[in-house]
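Lifted from TrEMBL, the feature list:
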type     : residues : note
DOMAIN   : 36-200   : domain 'Ammonium transporter AmtB-like'
TRANSMEM : 73-92    : transmembrane segment
TRANSMEM : 107-127  : transmembrane segment
TRANSMEM : 134-157  : transmembrane segment
TRANSMEM : 177-196  : transmembrane segment
TRANSMEM : 243-262  : transmembrane segment
DOMAIN   : 245-455  : domain 'Ammonium transporter AmtB-like'
TRANSMEM : 274-299  : transmembrane segment
TRANSMEM : 311-344  : transmembrane segment
TRANSMEM : 414-436  : transmembrane segment
REGION   : 506-551  : region 'Disordered'
COMPBIAS : 517-530  : compositional bias 'Low complexity'
REGION   : 595-618  : region 'Disordered'
Amino acid sequence: MNFTLVTPDDTWVNSMQGQALPECLAFRTRHRADVAFIVTMAGRIIQMQSGFAMLESAYAQPNNAANIMMKNLLDLCIGVLAFYLFGYTIAFGESYDVGIADAGFDLAHWFCSFSYATTAATINSGALAGRVAFFPYLALSTMMTGLVYPISARLVWGHGWLQQMGFVDFAGSATVHLVGAVSALVSTMICGPRIGRFPEYRSWRKPWSWLFGEKHDDQYYRVPQDPVEKKVFISFRRCRHPVQLLFGTFLLLVGFLAFNPASTFSVTSGHDLVMAHASATTLLAAAGAGIGGMAYSMARTRSTVVRVPELTNALIGGLVASCACCVVIPLPVAPLVGLIAALLTLSVEELLAYFQVDDAVGAVAAHGPSGAWGTLAVSLFAEKHCSGNSEIVGLFFGGGEEAWKHLGIQCTGILMLTGISLGFTYVIVMLVDFLFGFRCSRACELIGLDFWEHQFDDGSLQSNNDKAALFDLAQMREDLSRRNRHLDSVVPKKWRSPSKSYVDVTESVDSRESRARTSTTSQSMSSESTDLPKSGESAEPAQVGLSDQKDPHIAVLTEKVADLERKIALLTLGHLRQKGERKGTTEDVCGTRVTAEAASQESSPMAPLRTTRSDPGY
């Protein structure tokens with residue numbers, strides 16, 4: 001049988017153009033099989049967002065899991081609009097002759113290109129999990145999808161300078177993953193670690209504090225010492241849901257088996273062999289990375305124990321490394337590329353932890369060094385084979401001087417893409433931080449972003465008096481700050497709270513503790529006496545009309561209000577203790593029942609609370 005008569009080629013495209021309706025003629029730029037292939041693969045790549053979301057929420061504290069999912073979902077929703085409006089034009093405007101808010105005629109290419117853009121943007125989500133504010137994060141994600149990634153893609157794939165030099169990055173080890181990892185590293189260093197992640201953390205010192213805009217002192221990032229905050233605080237744990245983490249990794253593995261082959265953008269005219277070769281090398285690289293992660297974990301534990309996070313991060317590192325070189329390396333080399341990527345990933349992860357850089361899920365380590373290594377592997381291991389690689393020969397296969405030159409080009413591309421991501425991310429994050437604040441508030445982080453930003457209450461706010469007290473106190477401060485914001489220009493600088501202060505200038509530590517006690521104590525006494533104020537009411541007289549005042553001494557008035565609240569709290573505490581002496585038991589200032597003997601031992605507002613029950617829900 002003569003297969004040449006049924007093999008798709010340019011004649012088929014011309015034939016389909018002849019059969020197309022007049023309004024569809026311009027859109028018929030590819031063979032039907034190619035269009036179906038690209039769209040299917042791009043859909044699987046976008047499905048990787050669910051894998052990222054599952055993986056990240058497996059690491060997150062339970063009160064931040066929904067926030068992680070929300071950010072990954074809106075990465076997609078907002079990112080696609082940004083890419084449609086201007087991202088695609090920046091990346092491929094010259095190649096496909098498109099303008100602002102224009103996807104051109106090759107919609108399959110536009111759709112697949114967006115799937116790569118959203119992958120680069122979501123790397124920030126994992127690294128910043130648990131402490132970045134919701135809308136500032138979305139601003140960063142939007143700029144990553146619509147600006148930073150498109151600039152990189154134009155240089156490498158849009159007939160840009162790197163492509164003209166001969167830079168090779170088939171599926172984005174550097175263009176997608178390294179760019180995303182560098183952005184995540186810069187964002188993390190500006191944002192700072194999660195509270196309690198490093199018990200002996202030291203905040204940035206000069207000149208680094210100027211460079212990264214440090215706003216807090218050491219104690220802000222360490223385990224809380226305040227009694228109420230200590231009860232609300234959820235201690236750090238590297239991985240909370242190993243099964244969910246493994247399931248998310250499976251989703252990413254399947255997604256990468258579309259991520260790399262999709263870059264052929266065709267299965268006709270012999271490109272089906274390229275796609276098959278890319279699929280095989282990708283899977284073999286993942287296998288080598290998995291073995292490397294298992295060996296690394298066993299070496300670290302000095303036993304037969306294989307820890308889940310090390311295996312999963314190693315596997316992702318191997319998949320990332322395969323992106324650039326999957327179509328040029330021979331099959332036997334692919335496991336070696338994955339193995340080296342796994343060791344790099346886990347080593348860099350340990351190095352970042354040593355320098356107290358809080359990469360919440362290991363995203364920087366999994367996508368950064370692995371992406372750079374995979375890009376260099378093109379110049380080291382490329383070999384001519386039947387799948388279409390007829391230009392590049394690596395150093396280890398006799399490339400000689402040309403291979404050395406190509407290695408220099410690859411290094412130049414890595415440095416240039418790193419610089420673009422670093423520079424743009426730094427400017428974006430610092431600008432967002434200056435205008436709105438990049439990191440969420442302390443109370444928001446301790447209570448959890450799920451409730452603070454999405455009003456998801458798992459019931460703990462009703463059962464945990466300490467969490468309710470901290471929330472009421474934070475709301476009171478936020479309201480007072482909002483009412484006084486317009487007076488910033490007239491209030492003397494010496495009366496404003498400095499940005500690096502752990503405790504507000506306008507209140508002492510005792511006052512801060514008394515405020516928290518007042519809010520919960522008032523709630524517990526509301527059923528016994530109608531004369532006592534409810535939670536948060538003690539500050540209301542001072543708040544009424546503040547927005548209309550022009551008094552520059554507002555900070556002094558706030559100090560007086562704090563003193564009055566402290567006195568009310570002490571009187572309330574004395575009333576409870578007298579009542580408890582008659583009954584034998586009483587309630588402490590957080591609504592927890594304690595014995596009279598334990599209450600009498602509480603000699604100062606900062607004394608630890610001795611309870612007869614454990615904290616609910618934690």
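Placed from the backbone N, Cα and C atoms, the Cβ positions cover glycine too.
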Exercise. Sort out the residues at least 6 away from either end of the transmembrane segment (177-196), same chain, that have Cβ-Cβ distances under 8 Å to it, and list them.
Key: 119-124, 126-128, 130-132, 140, 144, 148-149, 152, 203, 212-214, 216, 220-224, 233, 235-236, 320, 323, 356-360, 363-364, 366-368, 370-372, 375, 414, 417-418, 420-422, 424-426, 429-430, 433, 438-439, 442, 445-446
Practice problem: State the residues, same chain only, that lie 6 or more residues beyond the ends of the transmembrane segment (243-262) and have a CB under 8 A from a CB inside it; answer 'none' if no residue qualifies. | Solution: 37-38, 40-42, 44-45, 47-48, 50-59, 112, 115-116, 119, 170-172, 275-276, 278-279, 281-283, 286, 308-309, 312, 315-316, 319, 322-323, 326
Quiz item: Short question: which residues 6 or more past the ends of the transmembrane segment (274-299) have a Cβ under 8 Å from it?
Solution: 37, 170-171, 253, 256-257, 260-261, 263-264, 267, 305-307, 310-319, 321-322, 325-327, 329, 331, 334-343, 346, 385, 387-388
